[in-house]
Every structure is written in structure tokens, then in C-alpha cells.
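Novice: The structure that follows is given in the form of C-alpha cells.
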Amino acid sequence: MKEIKVIIAGPRGRMGYEAVLLMERTAHFNLVAAIDYKHGGEKISDLPGMPALDAPIYADLHTCLDEVEADVLLDLTTPEIGKKHVTLAVERGLRSVIGTTGFTEEELKQLTENAKEKEVGTIIAPNFAIGAVLMMKFSQMAAKYFQDVEVIELHHDQKLDAPSGTAVKTVELIRQNRVPKEQGHPNETEQLEGARGANVDGIHIHSVRLPGLIAHQEVMFGGDGQMLTVRHDSFNRASFMSGVKLSIETVMNLDHLVYGLENIID
């Protein structure tokens, strides 16, 4: 397979570290640079615990793109930084794979239009775990037969956004197969505000944040005399790397924006 030159934004994060290891063990991936505002001017190999890769680190993406030739930007930073990075990447005609969440519908619409105009491949993935993507697809299928559904997403206590991008994407897919319905008693009240979670077209999303968790989600469907639960668990960040690899390889052949890994797997 042809070599793919990759820039990683956020190499010191837990996802970023796994992505660096992915670069090292994948023959056709070449890590040509990284973005880390604290370690500009150093190399990946200078960072504690990192493999012996000589990829230079830049403090900002602007400077990096001026000096480095790359095929794909892999962004694993924060929602705020990720939005800035994908906007710049599209402007510069650089393909990107974005693993941060928190994009609004309006932001996604604008990015989709910009990517289409520039004909630049872009993938925004709320979740890179193949199992999580299948969970979302199975939930979408089940929604045709079960109108009553609630989502419980559980993540580590350092996650910044709630509900998770995976939960939001799951609800979006369920809504495509489900007639809008308010669940529970029509006169239901909350004795404590927020007790029933976020409400999207009658679908309640509950967010749990605890140390010891990584990324987990349950989609619970209820029917007469029965329940169906679709669950996925990621026990470490290595679970996301198969999706990262697939996304980097796939974005090379795209000329538009794709939101969600479910749109690039068969």
C-alpha cells in the first residue's frame, strides 16, 4: 500500500499515545510531524515513554503546514482545538480525521459545505471503536420495532463534554427509524431538575462520569413483556485504533466530509 504521511495533533493524550504506536507498527503510515503547544521544537522521541520516532513537534498547526508535506491530519485534541484544526485543514486542502466531538449541527453543515467546495476528504468520528459503531447501527435497526428507548453513556471523569458524541450520534440514527414519542407518564414531573436526563424527541440520554471507566454505552429498548439492551464497552484506548487506521486509509479516497464511522464500514 502507498505510504500515507500523517500529522498527529495531541500526541501526549491517551488516544494520541496509542495513535503514535499505531504509526510505529503500521508499515504504510509515516508520522511526519505532531502538534503539541508545550513541546514545539522537540521530537516525538524526546517525549517520555514515546517510541524512537524522529517526527518533529510543532507548537501550532499553521507553522507545521507551512513546513511539512503531509497527506492526513489526525486530530485527537479537545473539541475547541479540534474545530480550529479541521477548519484550517479544509482551508489548506489537507485531508483530516477528527476524533474530537462537540460539533453543533450548524458547524457540521458549514464544514460539509467547505469540504465539498474544496473537494477535500474529511472524516469526523464520534467513536473510532468498530464495536461501538456496530452498536449504533444495531440500535438504529431496533428502533424500527421498539419505540421506547433510553441511552446511558458512561465515561471517565476527565471527559469534557456531555452527553458524549457517541450518544448524540446514536440518537440521531435512532430518530431516522423511530416515530417521535414522549416516553413515560404524560404527567411525569422531575422532583430534581435533570433527573430524567437530556431529552431529544422523547429519547432520554443519561451521562455517567466516574474514574475507572473508559468509554461505555447501553441503549435500552422496552416493549410489552420484553427488553432489548445493546451495549458496547471499551476497556482501553487500543480499542479505537482499528477505526483510526480505517479512517486514515479511507479518507485518502474521499473528496467530501463524512460524519460517523458507520458511513465508511460495510
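Our numbering is plain: 1 for the first residue shown, then up by one each step along the chain.
Here the Cβ of each residue, glycine as well, is placed from N, Cα and C on the backbone.
The following feature annotations were taken from Swiss-Prot:
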- Gly10, Pro11, Arg12, Gly13, Arg14, Met15, Gly99, Thr100, Thr101, Ala125, Pro126, Asn127, Phe128: NAD(+) binding site (BINDING)
- Lys38: NADP(+) binding site (BINDING)
- His155: active site, proton donor/acceptor (ACT_SITE)
- His156, Gly165, Thr166: (S)-2,3,4,5-tetrahydrodipicolinate binding site (BINDING)
- Lys159: active site, proton donor (ACT_SITE)
Novice: Where His156 ((S)-2,3,4,5-tetrahydrodipicolinate binding site) and Gly10 (NAD(+) binding site) are concerned, what is their Cα separation in Å, rounded?
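Specialist: Here the two Cα atoms lie 18 Å apart.
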Novice: Do you know which of the recorded positions Lys38, Lys159 has the most other C-beta atoms within 10 angstroms of its C-beta?
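Specialist: Of Lys38, Lys159, the one with the most crowded Cβ is Lys159.
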Novice: In DSSP terms, helix, strand or coil for Gly165 ((S)-2,3,4,5-tetrahydrodipicolinate binding site)?
Specialist: helix
Novice: Within 10 Å of the Cβ of Pro126 (NAD(+) binding site), how many other Cβ atoms are there?
Specialist: 25
Novice: Restricting to the chain of His155 (active site, proton donor/acceptor) and a gap of 6 or more, list residues whose Cβ falls under 8 Å of its Cβ, or answer none.
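Specialist: Residues satisfying the criterion: Ser164, Ser207, Val208, Arg209, Leu213, Ile214, Ala215, His216.
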Novice: Just how spread out is the NAD(+) site if you go by the largest Cα to Cα distance in Å among Gly10, Pro11, Arg12, Gly13, Arg14, Met15, Gly99, Thr100, Thr101, Ala125, Pro126, Asn127, Phe128?
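Specialist: So the maximum pairwise Cα distance among the NAD(+) binders is 20 Å.
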Novice: Determine the minimum-neighbour residue: among Thr101, Thr166, listed as binding-site residues, which Cβ has the fewest other Cβ atoms within 10 angstroms?
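Specialist: Ranked by other Cβ atoms within 10 Å, the binding-site residues Thr101, Thr166 bottom out at Thr101.
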